[in-house]
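Q: Annotated transmembrane segment per TrEMBL: B:17-35, B:41-59, B:71-93, B:99-121, B:133-153, B:165-187, B:208-239, in sequence order.
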Amino acid sequence: MDMVSMGLLAAMGALATVAGASEDLESDVGSQSNPNSQVQLAAQVGHPHRIYNKAISGEPPSNALYAALAAVTASVLMSGYGMNAFFAIAIGAVAAAIFNGIFSVTAYMGRNTSQARFNQYVYLDVLRTHTTTIMAHAYITAFCVVTISYIMTAPWLPIQHPFPMPLVAFIWGLAIGAIGSSTGDVHYGAEREFQAYPFGSGLNAANSGDIVTKAEAGLRSSIDNAWFCARFGGPVTGMAFGLTVFLDNWRTTIFDPATQGWLAIVTGVVIVILFNIYNRILEIRSKKRYGPYPEYAGDIEA
Amino acid sequence: MSVAAGGGESKIDKTKLMMYGLGGGVLGIYLTHVLNTITGSGYFSFLAGLGVIAAVVMGSDAVRRVCSYGIGTGVPSIGLMAMGMGLVAAMFGLSIGGVAGPIIGIAVAMGFGYFVGLLANKIIKMNIPVMEEVLMTLGGAGAIVLIGLSVAVSGEISYPLILESVVNTGYIAILFIAGTLAILHPFNANLGPDETQDRTLVHTISTGALAMFAAGLASLATIGAAGLLTVVIAVIIWIKSFMWYFALVKRDSSGVVGTGLLPEGGL
C-alpha cells in the first residue's frame with residue numbers, strides 16, 4: 001500500500017460522502033422513491049398539494065441512468081476527442097442533470113394530470129423553482145460518482161478496475177440510489193410528511209396520504225426539504241455511501257487482490273459481521289430508551 | 001381496472017401497436033445495416049434509433065396493459081425484467097445468427113417472455129389474464145431496443161463489432177438503462193386514475209428519443225461525426241414530442257396554472 005493509493009482511497013471516500021448527501025437531498029426535493037407513494041395518495045384522500053411528485057422508477061435505476069450517461073459522455077469526450085478528464089466529467093454531469101430535469105418535469109406533469117378528478121393542479125411555478133434545485137443536486141451526484149469511477153478505471157492510476165468506466169459508474173449509480181432510498185428517505189418520509197403526528201408514533205395505515213400540505217407560513221412545497229433533510233437525512237446517507245465506497249476499496253488497497261484475494265474477502269466478511277453486531281446493539285438500546293409503547297395514552301398535546 | 005394504478009380505455013388497438021413496433025423496429029435495424037454497408041458510412045445509423053422509438057411505444061403500451069391490473073410499484077420491475085430478457089436473447093441471437101441475428105434474438109426474447117408469463121400465471125398463480133401476451137411483447141420490445149441501440153452505436157449488424165464498440169467500451173450500460181426507462185417511465189410517470197393512452201404513448205416517443213440521444217452520444221466515439229445525425233434527429237423528435245405531451249397535459253389536467261393556492265376544498 002503506497003501513499004498514492006491511500007490518497008486516492010481517501011479522495012474516493014470524500015467524493016462518495018458528498019455524492020450520497022446530494023443524492024438524498026435531490027430525491028427529497030422531488031419526493032422520489034418511498035415518500036412518493038404518500039404524495040401520490042394525498043390528492044386521492046382529499047389533500048391536493050403543491051408538493052413535487054418526481055416519480056422516476058425508484059432511485060436505483062434513475063441514478064444508474066444519470067451516472068451511466070455522465071460516464072458515457074465523459075468517456076466519449078476523453079477517448080474520442082482527447083478531452084481533459086476534469087472537463088469531460090463536468091460536461092458529462094451536465095448531460096446527466098439535463099436528463100434528470102427532463103424526467104422530473106414529465107413525471108410531475110404526468111402524475112398530477114392523472115389525478116384530475118381529485119382537483120390536483122399542475123403548478124408551473126413549482127416546476128420552475130424545484131426542477132433547478134433537483135438538477136443542481138443531480139449534477140453534484142453525477143460528478144462525484146463518475147469521478148470515483150474514473151479513479152477506479154483510469155489506466156495511469158494504480159487501481160485499474162477491469163470493467164470499463166461507464167459500467168463501473170452504472171454499478172455505483174445503482175448502489176447510491178439504493179443507499180439513498182433506504183437510508184435518507186426514512187428521515188424525510190416519516191419526519192417531514194407526517195410531522196403533524198407525534199414523533200415516533202409510526203404511520204397508521206388509516207393516516208396514509210394525510211401528509212402536511214401547509215407550511216410554517218403559507219403552503220408547503222418541497223423546496224425546503226433540502227434545508228430540512230440536510231440536517232440529518234442527507235449527511236447520514238453520505239456517510240453510508242462514503243463508508244461503502246471507502247471500506248470496499250480499503251480492503252482491496254491493503255490486500256492485493258491478485259495475490260491476497262482471500263484476505264480481502266475475509267476482511268469484507270468481518271466488516272459485515274461487525275456492522276451486524278453494531279446494528280443489533282443500536283436497535284436494542286433504542287428500544288430500551290424510546291419504546292416500546294405498551295398502551296395508547298391518547299394524543300399528546302403539542 | 002384498479003383506480004390506484006389507473007389505465008383508461010385504449011384508443012389505439014394493441015395489435016396495431018405491436019405491428020408498428022415489431023415492423024418498425026426490424027425495418028430500422030436492417031435499413032441501417034444495409035444502407036451503411038452500401039454507402040460505407042455511418043450516416044444511416046439514426047434509422048435504428050427510429051426503429052427503437054417504434055419498439056418502445058409497443059413496450060410501453062404493454063406495460064400499461066399489465067400494470068392496469070394494480071401492479072403499482074411493479075412498473076419499474078417489469079420494465080427491467082423486459083430489458084433483462086431482451087439483453088440475454090439479443091446477445092444470443094447476434095452471436096449465433098450473423099445478419100439474421102436480430103430476427104433470432106427477437107423471436108427468442110418473445111418465446112422467453114411467453115414462458116416467464118406462463119410461469120407467473122400457472123406456477124406462481126398470479127392469474128393475470130394478459131400476462132403471457134404482455135411479457136411476450138415486452139421481451140420482443142426489449143430485444144429490439146437493445147439490438148437497435150447497439151446497431152445505432154456500432155453502425156452495422158456484426159457481433160464482433162458490437163462486442164468491441166458497445167460491450168467492451170461499457171456503452172451497453174447506458175443503452176440498457178436508457179432503453180429500460182424509455183419503456184417503463186411513461187406509464188410510471190402518468191400513473192393515476194385519469195391516465196390516458198395517447199398521453200402515455202406520446203410521452204413514450206419522447207423517452208424513446210432520449211434513449212436514441214444517448215445512443216447517438218455513444219456513437220460519436222465509435223462511428224464519429226456521423227453519430228451527430230442521430231443526436232440531432234433525436235433532439236428534434238424530443239422537442240416535438242415534448243410539446244405534444246405538454247398539450248395533452250393541458251387537455252387532461254384539472255388545471256395547468258402558473259401559480260396559485262390549492263383548489264377549493266384543498267385547504
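Glycine residues also receive a Cβ, built from the backbone N, Cα and C atoms like all the rest.
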Q: Pairs of Cβ atoms less than 8 Å apart decide it: which stretch in B:17-35, B:41-59, B:99-121, B:165-187 has the most with the transmembrane segment (B:208-239)?
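A: Highest pair count goes to B:41-59.
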Q: For the transmembrane segment (B:133-153), could you work out the same-chain residues 6 or more beyond its ends whose Cβ comes under 8 Å from its Cβ atoms?
A: 18, 21-22, 25-26, 28-29, 32-33, 45-46, 48-49, 51-52, 55-56, 58-59, 62-63, 65-66, 78-79, 81-87, 89-90, 93-94, 101-102, 105-106, 108-114, 116-117, 120, 162, 165-166, 171-172, 175-176, 178-179, 182-183, 211-212, 214-216, 218-219, 222-223, 227, 230
Q: Under 8 Å between C-beta atoms and at least six residues away from its ends: which parts of the chain pack against the transmembrane segment (B:71-93)?
A: 2, 4-5, 59, 63, 101-109, 112-113, 116, 135, 138-147, 150, 176, 179-181, 183-185, 187-188, 191
